[in-house]
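Residues or ranges marked as signal peptide in TrEMBL: 1-28. Sequence annotations record features per position, and here TrEMBL assigns domain 'Ig-like' to 72-143, 160-241. Summarising the annotation, TrEMBL assigns transmembrane segment to 259-283. Annotation source TrEMBL lists region 'Disordered' at 290-329. Marked as compositional bias 'Basic and acidic residues' by TrEMBL: 293-310.
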Amino acid sequence: MPSLPSLRGPRAPPLPLLLLCLLAPVRRSSEDGRTPAASFTSLPVREEMMAKYSNLSLESHNISLTEHSNMPVEKNITLERPSNIELTCQFMTSGDLNSVNVTWKKGDELLENNYVINATGSILYTQYMFTIVNSEQMGSYSCFFEEKKEQRGTFNFKVPELHEKKKPLITYVGDSVVLMCKCQDCFPLNWTWYRSNGSVQVPVGVPMNNKYVINGKNANETRLKIMQLSEEDQGSYWCHAIFQLGESEEHIELVVLSYWVPLKAFLGIAVEVVLLVAIILLFEMYTQKKKKHSDDGKEFEQIEQLKSDDSNGIENNAPRHRKNESVGQ
């Protein structure tokens, strides 16, 4: 492979010798007599480091970028225990590889010369190797390729997340409840429970009249049992997992209701039903009464009409009697 002497940043030899480059110390700080920072030391830099971390597993991750990438590329990596880390970024461009400037950063801190660069055709590779052994070394590691515009790839290291239902857990006064947190495919060193008291988290689980019981069927889960609930037990509870490389937590919202709460709802519905039935009955009574008055009026009119007809009939018959009497005489 042709060498690229004018590429900015430390260069790796051709591929057959890449491993040798990785095993060689390349930090300028060592040349200056300064002790390299443990957080950003390439693995392995010294023979003693190789011996010290040879039993750790290797985590390899890569990101691909092009000159046409519009957004930074990010990759989230979950890390539970100390590991050797190998991060690789590749950048494809149609331009001159000699004009590309390559750098690495942890957060905003520049990682000077603690990486190697190699090129194949129109692809530029950079690799950063180091070891994560504590929480301070967790965080974001980014590779930068600066040509006409800057392209960035970021590896985000974090400890495992805890899983729990996001909906509030609703129960009633006097009952018992079990709160559970679980870590999928991970095993925390220790579990603790806290309860939010305003902005302060108060530890939970110290035996108090057999109020709390903490246990778990498996190492990757924890259960908090709260007995004889009262309305004062309502609030936010936090499960806290401790790992070798950091801590993770999740919260559960507990709602404790009095039995009067559902009873009030039932009474409210019952009152509405009674009112509705009363309104219907009153309306029926009013309708029947109105109908009765209407029937009575019609009957009265009929009686009056009959009386009127009878009186008219008597008056019509009276002249006839008189006429008959006069004829008879």
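Placement of Cβ uses the backbone N, Cα and C atoms for every residue, glycine included.
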Near the transmembrane segment (259-283) in space but 6 or more residues beyond its ends, with Cβ under 8 Å, are 172-173
Model confidence for the domain 'Ig-like' (72-143), as mean pLDDT, reads 92
